[in-house]
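Novice: For reference, the structure I am asking about is given below.
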Number of protein chains: 2
Amino acid sequence: MLFLRAKLLDIDLGDNGVVINEKEIVGTEYYPQDRVLVECAKGSFIGVLYTTKKMVKEGELGISRGVIEGIEEGEEVRLRHAPRPKSLKYIKKKMDGGVLKPHEIHTIVDEIVQGKLSNIELTGFVVSTYIHGMEIGEIVEMTKRMGETGERLHWDKHPVVDVHSIGGVPGNKYALITVPIVAAAGMIIPKTSSRAITSAAGTADVMEVLTRVDLDAQEMKRVVEATNGCLVWGGSVNLAPADDIIINVERPLSIDPQPQLLASVMAKKIAAGINYTVIDIPVGPGAKIKNEREGYALARKFIELGDRVGIDVECAITYGGQPIGRAVGPALEAREALMALEDPKSAPKSLIEKSLSLAGILLEFGGVAQHGSGTKVAKDILYSGKALEKFKEIVLEQGGGEGITKSEDVELGRYFEDVPSSKDGYVISLSNRGITEIAKEAGAPRDKMAGVLLYVKRGCKVNRGDILYRIYSSSEERLKSALKLARRIHPVRVEGMVIRRISKF
Amino acid sequence: MLFLRAKLLDIDLGDNGVVINEKEIVGTEYYPQDRVLVECAKGSFIGVLYTTKKMVKEGELGISRGVIEGIEEGEEVRLRHAPRPKSLKYIKKKMDGGVLKPHEIHTIVDEIVQGKLSNIELTGFVVSTYIHGMEIGEIVEMTKRMGETGERLHWDKHPVVDVHSIGGVPGNKYALITVPIVAAAGMIIPKTSSRAITSAAGTADVMEVLTRVDLDAQEMKRVVEATNGCLVWGGSVNLAPADDIIINVERPLSIDPQPQLLASVMAKKIAAGINYTVIDIPVGPGAKIKNEREGYALARKFIELGDRVGIDVECAITYGGQPIGRAVGPALEAREALMALEDPKSAPKSLIEKSLSLAGILLEFGGVAQHGSGTKVAKDILYSGKALEKFKEIVLEQGGGEGITKSEDVELGRYFEDVPSSKDGYVISLSNRGITEIAKEAGAPRDKMAGVLLYVKRGCKVNRGDILYRIYSSSEERLKSALKLARRIHPVRVEGMVIRRISKF
């Protein structure tokens, strides 16, 4: 235990950070980033220890004003290690390859949500589950508990359906078309989406070009009751928040252990009160899932997990080897989705086909379409203009009466430049990752008007000088930077029919 | 990339921390604790991102004054993610159970030392090696590379010997006796030690009661050239610093993966220019290694690793089931060691026997004693008073002419209290962990005068009211707190010969 004098600071560091002179802890058992218990006359709190060379002197402890009511400058405070989280021994059990009991998993999930686990402890858990995996029984418990923490939605009408993509393919804006089709058919579809994590645009980023997406649970409910559907950002609804914390250690390691993937998707469905969901599993080079065999294995797990937590699940293995449609980046994608709703005939076939197929599966489940005719019914709704009308309703309802409902009103980056083909031939590949990186370098997703518009897709014949794609940005400097990257990584490969010529000499 | 205005702050957060308003990064791909590259007109630096509610406004980036020369308040700065460390893909390879190539291990070690790995990445590596283990070839490469980073010592005389305990048993102050015996015999023994990590006193903490221990490599060399030996803190010599970083993620998880244990010990020997070392492996309940079989397995690995990196290794499996000697805590241990040097006859047998055995092995290796007579030669040196003389030389040389060289001059905590036995019987167990916790609660290792002095050891016969141990502290309040803990955890168990009576009714 250290005895120190309080020094009140006009800063806040999150996590109730307290600041100590680095000399104070040399040779002690205290280290930067330790979770510590600070006790003073007026009470106590748990915080994170930061060190400084000069911000506070030896013998002082810097405490943010407001962390604890009534604390006075210079009063004695005691600092000791915060009790270790209870989860630690269960995390070690998983590290040692053990199978966790329900109450052990519950403790881990609860302490994650309560912010009691440090990044080191959380990484220990995530990496252990990545290496050892989890049994389906463990995943079921994790999913249920994650679904119980945070906000929960309840609905009067049934069935409540949902469509969810596990992600990994750029330009995947199908939900802006699928959701209004399903809602127009009279089914309840309260869709929450994520913002971009590593992509150039999440569905929430795309939708935000047209209307508000940061609705809380109350507001979201109101929109769905008025329109049957919504397209909001999951982050502000606070469904199954454990996932939002776990992802902070998965991202830096570029891992997404399957137990967590399964649990995080299905826990949000539990919390959102969903009865039935279609899971879109894009498969292909450059997607999260590399081949159909892996896709089927994952699909079977989703279906079994759904079964065990009381949600009907169907999976659609979809083609994810190149971007969906032609647009990548928030504004470009929003415009493309609106154009597809306005005039489906002129829209990219990959986008229309995917949107209708997923809508069709949902319509068949809801009994609105007979088995086998879902896609046809979805197509009728889209071509009749009813999906566009429904989408406009949703946009206006989410925006409190305001929003963009015409594709021609969507503004794109004022700076753009075309990238032409340097030779005659065929497009033999189109890199998901390359296109994403260029759109991000141009400023997406933060610069909503930045992105990439493709003029070709795989298999297209091109002549030298034909435009392959156009890069948009709101910043001249970033456009240049994106162009530089494009020249270096060449995301669209054009080759003649003879790809390599091997001569005798 | 974010474009922000610099706001200069009079704080430093370590790691070149920069501070951003939390609203600024909502919905972006930036997260607290991200490693970011900050570019401004005058240059760039890599830092860690912290968030705040009010310390800086939206659009601003808080930068510590002094992080970058010449930066001006309000000037435009660009913030983007720092390039990912190269190690990341090798860490993932280990996570996936792969065997790392030499250059892959070198990259990991180099980036650890350069501070390029975040806690999350480092934890990913450590947990993976904990689960998958490492092949001896990988450990050899890790050891060699760790030994090459940081300071390196070179010696003119040979052989250069060392003795090292893997730790885990309290009161283990043998080095204060073994080192002067070996040095008095004319051999070079540049001993570095650690401070307490989870114990009540590391050898460096004990030695610091008597003299300076924070010598740099230059000063340490001078002491050894003058006296043949030294007893300094490894931390200030900066040998194989990767270990000091790795330990920061091992501690919170309470893991010490064997590959890291082996590499960290032997890397420091390489860096210190050691030719021959004895590794002390304490075995017993409450020690790091639970039984002899485990001890032998670890010993064989140490010997093989030594062989592959060019250091002769012998291991001594020692009894670690209760504290060594009677004293636990920096000043108490320093006094006990001095008393043992002054009057070996009256010293605790466990301490004398261990110190002489380890010295004997070293003397035999150095050719100072014939095989089988090392302990005898060590005993002669100790009883002749030459070890005491040598120890005084070392103390004074390390302290620049100053230091405590008489046991009666060692000051103990002014507050103390005795804990008596509540019944007649025999001491059937003495908990390493319990004694350590009480000494720590009393203030050790930071309060050097705090600790526990045992009046009994295992097997002793005691009567009701006999003193079991005395607790010392510099603070009355802490003494009370330690006594309270002592009453709760009962580290010394006394039972009659009949331990449990089972009656018919």
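Glycine is no exception: its Cβ is also placed from the backbone N, Cα and C atoms.
Just so you know, TrEMBL annotations never went through curation; they're auto-generated.
If you look up TrEMBL, you'll see A:D256 marked as active site, proton donor. Positions annotated as AMP binding site by TrEMBL: A:G168, A:S194, A:R195, A:A196, A:I197, A:T198, A:S199, A:T203, A:S264, A:K288. Under the heading domain 'Pyrimidine nucleoside phosphorylase C-terminal', TrEMBL lists A:426-493.
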Novice: Rounded to an integer, what is the Cα-Cα distance in Å between A:I197 (AMP binding site) and A:D256 (active site, proton donor)?
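Specialist: Answer for this pair: 12 Å between alpha carbons.
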Novice: Using only the Cα atoms of A:G168, A:S194, A:R195, A:A196, A:I197, A:T198, A:S199, A:T203, A:S264, A:K288, which the record gives as binding AMP, return the largest interatomic distance in Å, rounded to a whole number.
Specialist: 18
Novice: Rounded to the nearest Å, what's the C-alpha distance separating A:S199 (AMP binding site) and A:D256 (active site, proton donor)? Just drop the number here, would you?
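Specialist: Distance (Cα to Cα, whole Å): 15 Å.
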Novice: Cα of A:G168 (AMP binding site) to Cα of the residue listed as 'active site, proton donor': how many Å, rounded?
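Specialist: Pair distance, Cα basis, whole Å: 12 Å.
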Novice: Between A:R195 (AMP binding site) and A:D256 (active site, proton donor), how far is it from one CA atom to the other, in Å?
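Specialist: Each residue's Cα considered, A:R195 (AMP binding site) and A:D256 (active site, proton donor) end up 17 Å apart.
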Novice: Mind sorting out which of the binding-site residues A:G168, A:S199, A:S264 are close to chain B, meaning Cβ under 8 Å from one of its Cβ atoms?
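Specialist: Near chain B, no listed binding-site residues qualify.
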Novice: Within the domain 'Pyrimidine nucleoside phosphorylase C-terminal' (A:426-493), how many residues are helix, strand or coil going by DSSP?
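Specialist: Looking at the domain 'Pyrimidine nucleoside phosphorylase C-terminal' (A:426-493) with DSSP, the answer is 24 helix, 20 strand, 24 coil.
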Novice: Long-range neighbours only, meaning 6 or more apart in sequence with Cβ under 8 Å: which ones does A:S264 (AMP binding site) have?
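Specialist: Residues satisfying the criterion: A:M146, A:A240, A:A242, A:D243, A:I246, A:I247.
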Novice: Would you mind checking how many other C-beta atoms are within 10 angstroms of the C-beta on A:R195 (AMP binding site)?
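Specialist: By my count, 22.
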Novice: Among the recorded positions listed here, A:I197, A:S199, A:D256, whose Cβ has the fewest other Cβ atoms inside 10 Å?
Specialist: A:I197
Novice: DSSP three-state call for A:S264 (AMP binding site): helix, strand or coil?
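Specialist: Helix, per DSSP.
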Novice: How many other Cβ atoms sit within 10 Å of the Cβ of A:G168 (AMP binding site)?
Specialist: 20
Novice: On average, what pLDDT score does this prediction assign to the domain 'Pyrimidine nucleoside phosphorylase C-terminal' (A:426-493)?
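Specialist: Reported value for the domain 'Pyrimidine nucleoside phosphorylase C-terminal' (A:426-493) is a mean pLDDT of 93.
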